[in-house]
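According to TrEMBL, the features are:
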{"type": "ACT_SITE", "residues": "184", "note": "active site"}
{"type": "ACT_SITE", "residues": "211", "note": "active site"}
{"type": "ACT_SITE", "residues": "306", "note": "active site"}
{"type": "DOMAIN", "residues": "17-135", "note": "domain 'Response regulatory'"}
{"type": "DOMAIN", "residues": "177-364", "note": "domain 'CheB-type methylesterase'"}
{"type": "MOD_RES", "residues": "68", "note": "4-aspartylphosphate"}
C-alpha cells in the first residue's frame, strides 16, 4: 500500500473544491451550508449514494471528498478503495460514531487510504461549533497529497506462528520495561503496520496516544484488537504498568493525559499540549522520568509537533527512540519535528518498526 507523506499549503487564490457524499439530504444540506459559508471552500457536487460518489469523484476531481460510511449501492469502505485506486483524492470520513458498525467501518476506510474522520453532528445540534470543526478538518485534509493505494481485501493482520518469541519470554527477561507510542493523522493504519508483527507473547506493555475524536476511541480499540495478536484495551487509572500475563496495548482515554507514576498508569486532566489532550509529549516526558533508559519511544505519522519534545526528553534519559520515516507517513509532521530536534535515534518505515521492537525487547541490555 502506497501513501503520500506530504502536507503542503494551497495557493490562496484557489478555493478548495469539495464533493459531499451522504445518503441523507439533511446531512448533505448541513455539510454544504457549513462549507459554503467559508470563502476558501467551494462545493462542486453532491452524491446521495456510493456509486454516484465514485462517478462524481472521477468526473469532478475534487480537492476533498467528504464521505458517509453507510450509503446505498456502495459503502464508504468500497468508495474509499475505488477512489484511492483509480482517482486518488483526500477523503474526510464524516461518520456516526455512535453506530458500532459504522464506527468500525470508519477505521477500515482509514486503512484503505482515507485521511481523517469527523463525527456527525448530534441530533438537534444547530450551533456553529461543529460547522467550524468541519471547515477546519476539510482545510487540513486538503493540504495532504495522496497517491494510489493498491486495492486489497481488508483483513485482520496476524503474525505468523514463526514470529512467536522463543521460550515464552516475560517482561523481566529483557532490558525494556515499556514502549511509549504516539500518532495522529494517518495513525490507525500506521499503528497496525507497526504492531502487527508482534506475537501474542510479546512481553513489553505498549502505551499508545492517538489523536482521535473521543466518540471513536472505543471503536478504535475494538478495531485494533481485531488486527493485532497482542491484546488491546483502553487504559484505566491506577492499573499497574507491568500487568502480569497480559502486557498488550493500553490506549489513552480521550480527553485525559496518560502518564506513568510510581509504576502505575494515571489518567489526568492537566492543560492541553499543542491543543491536544491526551498529548504524546506528556506521555513521553512521564516515561522519561519514571522509566529512563529502560524504555522505547516511537513517534508515528501525524500533523504538528506533539511528541517531539517528549521524545527528546526520553533520549536524554537514555531511552531508545524511533520515528516513522517520510515515505511511509501519511503526514510527516510529528516525526519530522522529532528528527529535526535530534530526538530520533532510528528512522524507520512503519513496516520495519515491529521487527525492531521485537529485537529490542529481546535484548538483555540497552543497545549502543
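If you go along the chain as it appears here, the first residue is 1 and each next one adds 1.
Glycine is no exception: its Cβ is also placed from the backbone N, Cα and C atoms.
Keep in mind that TrEMBL annotations are predicted by a computer and have not been checked by a curator.
Keep in mind that what you see is a predicted model, and the values were worked out from it rather than measured.
Here the features listed in TrEMBL are placed on the structure.
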residue : record              : DSSP (3 states)
68      : 4-aspartylphosphate : coil
184     : active site         : coil
211     : active site         : coil
306     : active site         : coil
Under 8 Å by Cβ from residue 68 (4-aspartylphosphate), same chain, sequence gap 6 or more: 21, 22, 23, 24, 27, 76, 94, 95
Pairwise Cα distance for residue 211 (active site)/residue 184 (active site) [Å, integer]: 5
Neighbour count (Cβ, 10 Å) for residue 306 (active site): 30
Residues that sit under 8 angstroms from residue 184 (active site) by C-beta distance, when 6+ apart in the chain: 210, 211, 301, 302, 303, 304, 306, 331, 333, 334
Confidence summary (mean pLDDT) of the domain 'CheB-type methylesterase' (177-364): 94
Around the Cβ of residue 211 (active site), the count of other Cβ atoms that are within 10 Å: 24
The domain 'Response regulatory' (17-135): DSSP-derived helix, strand, coil residue counts: 53 helix, 25 strand, 41 coil
